[in-house]
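Enquirer: Got a structure for you, written out below as structure tokens; questions coming shortly.
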Amino acid sequence: MKSCGLLPFTVLLALGILAPWTVEGGKNDAIKIGACPAKKPAQCLKLEKPQCRTDWECPGKQRCCQDACGSKCVNPVPIRKPVWRKPGRCVKTQARCMMLNPPNVCQRDGQCDGKYKCCEGICGKVCLPPM
């Protein structure tokens, strides 16, 4: 008889423990509003210690964005209407890096500034001027 009265208490206790965990777990995968600024082709002289791993480690509206040297908290730029293809062709690269999964700076042309296109570079996709 006493175990029936204990069941609702146990359920409420479990929900009280699990509810904050589910909220926090989802936050790590979510992203904040706005887009990371487009990355320009650049050489990194020294890899820096990452400032962040997720947007939620950055203050306010800042997003955790990758640049040539690592990840940093930066102010996002407004998201424009997505552009999948810009005019022009990508330059063919003759060399390839030996990295198994090279990091991509972009996925489509709309992520690159101005007339730059998202092209296959020596080591992953990068924003390059078209031919």
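Don't overthink the numbers, they just go from 1 along the chain as shown.
Cβ coordinates are placed from backbone N, Cα and C, and glycine is handled just like the others.
Just lifted these from Swiss-Prot, have a look:
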type	residues	note
DISULFID	Cys36-Cys65	disulfide bond
DISULFID	Cys44-Cys69	disulfide bond
DISULFID	Cys52-Cys64	disulfide bond
DISULFID	Cys58-Cys73	disulfide bond
DISULFID	Cys90-Cys119	disulfide bond
DISULFID	Cys97-Cys123	disulfide bond
DISULFID	Cys106-Cys118	disulfide bond
DISULFID	Cys112-Cys127	disulfide bond
DOMAIN	29-77	domain 'WAP 1'
DOMAIN	83-131	domain 'WAP 2'
REGION	85-131	region 'Elastase inhibitory domain'
SIGNAL	1-25	signal peptide
Enquirer: Could you tell me which of these disulfide-bonded residues, Cys58, Cys65, Cys112, Cys119, Cys127, has the greatest number of Cβ atoms within 10 Å of its own Cβ?
Expert: Cys112
Enquirer: Of Cys52, Cys97, Cys118, which disulfide-bonded residues are close to Cys65 (disulfide bond), meaning a Cα within 10 Å of its Cα?
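Expert: Of everything listed, what lies within 10 Å of Cys65 (disulfide bond) (Cα to Cα) is Cys52.
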Enquirer: Across the whole of the domain 'WAP 1' (29-77), what does the mean pLDDT come to? Round it, please.
Expert: 84
Enquirer: Between Cys106 (disulfide bond) and Cys97 (disulfide bond), find the distance joining the two CA atoms and give it rounded to the nearest Å.
Expert: 17
Enquirer: Within 10 Å of the Cβ of Cys123 (disulfide bond), how many other Cβ atoms are there?
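Expert: 15, counting other Cβ atoms within 10 Å of Cys123 (disulfide bond).
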Enquirer: Give me the Cα-Cα distance between Cys90 (disulfide bond) and Cys118 (disulfide bond), rounded to a whole Å.
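Expert: Cα of Cys90 (disulfide bond) to Cα of Cys118 (disulfide bond) measures 8 Å after rounding.
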Enquirer: Could you put numbers on the helix, strand and coil content of the domain 'WAP 2' (83-131), residue by residue per DSSP?
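Expert: Summed by class, the stretch gives 3 helix, 10 strand, 36 coil.
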Enquirer: Of Cys44, Cys58, Cys118, Cys119, which disulfide-bonded residues come within 10 Å of Cys52 (disulfide bond), going by C-alpha to C-alpha distance?
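Expert: Qualifying among Cys44, Cys58, Cys118, Cys119: Cys58.
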Enquirer: Measuring CA to CA, name the entry from the disulfide-bonded residues Cys36, Cys73, Cys118, Cys119, Cys127 that ends up nearest Cys97 (disulfide bond).
Expert: Cys119
Enquirer: Given the disulfide-bonded residues Cys44, Cys73, Cys118, and counting only Cβ atoms in the protein chains shown, which has the most within 10 Å of its Cβ?
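Expert: Highest number of other Cβ atoms within 10 Å: Cys118.
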Enquirer: Indicate whether Cys52 (disulfide bond) is helix, strand or coil by DSSP.
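Expert: Reduced to three states, the DSSP call for Cys52 (disulfide bond) is coil.
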